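Take a look at the structure below.
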Amino acid sequence: RPDFCELPAETGLCKAYIRSFHYNLAAQQCLQFIYGGCGGNANRFKTIDECRRTCVG
C-alpha cells in the first residue's frame, strides 16, 4: 500500500461538509470522515471502494 495510507485523517482548514473515506492504520480498514474541502492530505477518497482498492487490497 502507498505510504500516504498511513497518514491520519485530516479534516482540513475549510468548513465544507464532504463525506469522505480514509484508511485507518490502527483499525486496518477504511472509515468515513468529514472533509472540510481544502487542505488535508492524500489519505482521502470519495468512495469506500476507492479507499479499499488503494490501501487494503
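Here the Cβ of each residue, glycine as well, is placed from N, Cα and C on the backbone.
For Cys55 (disulfide bond), the Cβ neighbour count at a 10 Å cut-off comes to 22, with all displayed protein chains included. DSSP classifies Cys55 (disulfide bond) as helix under the three-state reduction. For Cys5-Cys55 (among others), the entry in Swiss-Prot reads disulfide bond.
Cys14 (disulfide bond): 13 other CB atoms within 10 A of its CB, across all protein chains. According to DSSP, Cys14 (disulfide bond) sits in a coil region rather than a helix or strand. Look at Swiss-Prot and you will find Cys14-Cys38 (among others) tagged as disulfide bond.
Note on Cys30 (disulfide bond): other Cβ atoms within 10 Å of its Cβ, all shown chains, come to 22. According to its DSSP assignment, Cys30 (disulfide bond) is in a strand. Annotation comment: Swiss-Prot describes Cys30-Cys51 (among others) as disulfide bond, evidence class sequence analysis.
Under the heading domain 'BPTI/Kunitz inhibitor', Swiss-Prot lists 5-55, citing sequence analysis as support. Mean per-residue pLDDT, taken over the domain 'BPTI/Kunitz inhibitor' (5-55), amounts to 98.
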- Task: Select one residue from Cys5, Cys38, Cys51: among these disulfide-bonded residues, choose the one with the most other Cβ atoms within 10 Å of its Cβ.
- Result: Cys51
- Query: Reduced to three states, what secondary structure does DSSP give Cys38 (disulfide bond)?
  - Reply: coil
